[in-house]
Amino acid sequence: VLVVHAVWALVVGQVRYSVPEEAKAGTVVGRLSQDLGLEAGEAESRRLRLVPQGRRASVEVSGASGALVVSSRLDREELCGKDAPCALRLEVLLERPLRVFHVELEVTDINDNAPVFPAAQKNLSIAEFTTLPGSRFPLESASDADVGSNAQLSYTLSPSEHFGLDFQKTEVFGESLFLVLTKALDRETVPEHRLLLTASDGGRPSLSGTMELVISVLDVNDNAPQFNQSVYKVQLPEDSEPGSLVLRLEAEDPDTGIYGEVIYKIDSVVPPSASDVFSIDAKRGEIRLKEMLDFETVSFYHLNIRAEDKGISPLSGHCKVVVEVVDVNDNAPEVRVTSLSVPVSEDAAVGTVVALLSVSDRDSGANGRVRCLLWPASPFGLVSTFAGSYSLVLREALDRERVSEYEVEVRAEDGGSPALRASRVVRVPVSDVNDNAPSFAQAVYTVLARENNAAGAELARLWARDPDEAGNGRVSYSLSEGGGGGAVSGGGWRPASSYVSFEVRAVDAGEPPLWGNATVQLFVVDENDNAPSLLLAAGGGAGAGAGGVLSGEGSSFLEPGSLWAWASWGAPAGQVVAKIRAVDADSGYNAWLRYELLEPRGKGAFRVGLYSGEVSTTRALEEADGPRQRLVIVVRDHGEPPLSVTATLSVSLVEGSETVQASAGSSSSSVWSGAAVAAGAAGGVGVSEWATNVWLVVAICAVSSVFVLALLLYVGSRCWPRSAVLSGAGPTTLVCASEVGSWSYSQRQSRSLCVSDGAGKSDLMVFSPNFPPPPPPVPAGKETQPETPALLDT
């Protein structure tokens, strides 16, 4: 039976115990942990405890055994008064996991209170003869603080031939005790009677209390005032104002004169503490209210009214007035938080209990019925566990980054008209979990950097935003594995070609950590830090216009003053004598070259192409021009400021046949042009000489073929793509310049320098990529400010 009782208590969620009042401290009320289904030792490890209810509970949970024991004096009369049964509702909290059990503890009564009369002595005046046998005189009954059989009273009167007792008990009017005259009095025989009234309760053993009745026998006046009814019942709202009329009484006395004049008095009031609540007009019998009523304190008042005449031996009549206090809705509900488990993790499961609430209203009936709701709409809900008790539970998933703290207002409203309300605000902070990865404002960042910047120079600052807090939102930066390398915030160093495109990784400090990536595209902006260099094909020579030869010292790059060529007298205007070739390691405008004739100034016999570098005649050459012309040519780029190199070209003026001989005597790397051969033949060479010249031309053609092949290989090696300095989506720009100064653009995906030895009228030059547009501005309110930005260094 005990096992079935325990299982049933767990199923309904409530355990019931009983304990007698005045039990000693340490008395075991019940094995709570066993009745709740806990194993040995679980009560202490899982923190089984009572939830405070606002008043001393007098019982506690033993931490070691989990038993419910008496902790202090239990007085049923103090706890419950006359209410029976005396049941205490206790809430037991099991913290791990959080569960609430309801324990009902009944405190049983023991007979520890004796009956008590309102006064130790009662004085009565009874007229002789005129007071007939059977007359009844109301007496104040005794009261007993106990309940049940311990409070069931019986009365006895000391032996007397003139008096007896009449005790009546009804559900409507309660107890009524009367002293009954059984035999007419004779004042001359016994002027005063002293009787002892004893009240005994039904306890075992029985307790009793006494009151002495002092009865004075009066003479003459033989008619007492009489009320038209013995009991009056009145209903009075509890919000009645002081001075309100309760009831008007009227008692009749058939006597005349002063013996028929009635005076009204309040003999007693139950409860005795309410003696000052009512007043009565002695002449008119009007009962009025003196103080405010409180239904929650006293709901019924019993007034014993006496009507007394003015005779020498005044006679009196008695009645009882029962005042029922009608409840009004004058108490607002009360909301208390009995337990609060905060903060709540943002990944808490739906159904998690956040707080325990207790709701009560001191009013009765509909005025005391309370309903609760939450405001505003929130991810929480109320669950009613039993009458007056609620649990605040999680209904939806939380997101700390959206709402970091909730203010939940619990609103209680009773059923009165008009309804009264009360509220309680519960603050529920939300704790963070690492559920947000760092994110950059852009997926791709474009960075422009000038060449020749110092090591460690800042290239750009990147920020990643992480809305989490503390370590979950603290971001550190690094280059992700497999990226282009380079240095971020003082990292290791790598070649500049590896900086073209790489990824920056932002990692937070959460467990486990989350990360985000952004791609950085780096464009190196060229500076004009390279001067033009003169270029000559390997072999040390190059053919010139009409019989001229451009020759060097056998190296690809010539020093100023080391160039020379031949030109024949009589060459027409516009005849190409030589071609100056130069390259610039820069790109764009910094590598766009122009050729100018520095000396001689004015009107000379030669000019140089502005962009082609071809040296040609401005007019027909004459003997007056002398045997040799010295030309100083400067080659400049278009940088700011421009850089330049100067070349000195010596042009020897000879006869046509001498030009051929001079060319034949040059090194095997020199080249004769077809025009020189034609000029030599026109000079009057003989047949044998002509045969010799044929073999010479064949030899020169063979040597020229070798030279052209070498030149093509050289140009090919120069045009072959070098290691990429910049890769990515940004195109490079190639500019083709002509003799007349026109130029055009073409798009390539490489930044390698390419110089062509093709046609004499145009050269191919390389320009740097167009600058990409700057990144768009960040809209207002969207700025991200992480704790530490990523610093990109060269």
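For all residues, glycine too, the Cβ spot is worked out from N, Cα and C.
Please treat TrEMBL annotations as automatic predictions, because they have not gone through curation.
Among the features that TrEMBL reports, compositional bias 'Pro residues' is placed at 770-779.
According to TrEMBL, the feature domain 'Cadherin' maps to 18-117 (among others). Mapped onto DSSP classes, the domain 'Cadherin' (18-117) shows 13 helix, 35 strand, 52 coil.
The domain 'Cadherin' feature in TrEMBL is assigned to 141-227 (among others).
Annotated domain 'Cadherin' per TrEMBL: 228-335 (among others), in sequence order. Counting residue by residue with DSSP, the domain 'Cadherin' (228-335) contains 6 helix, 52 strand, 50 coil.
As annotated by TrEMBL, domain 'Cadherin' applies to 336-440 (among others). Taking DSSP states H, G and I as helix and E and B as strand, the domain 'Cadherin' (336-440) has 4 helix, 57 strand, 44 coil.
Restricting the average to the domain 'Cadherin' (441-534) gives a pLDDT of 82. Annotated domain 'Cadherin' per TrEMBL: 441-534 (among others), in sequence order.
Feature annotation from TrEMBL assigns domain 'Cadherin' to 571-663 (among others).
What TrEMBL records for 769-794 is region 'Disordered'.
Annotation source TrEMBL lists signal peptide at 1-17.
The transmembrane segment annotation in TrEMBL covers 694-715.
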Composition by DSSP (helix, strand, coil) of residues within the domain 'Cadherin' (571-663):
15 helix, 40 strand, 38 coil
Residue distribution over DSSP helix, strand and coil in the domain 'Cadherin' (141-227):
4 helix, 43 strand, 40 coil
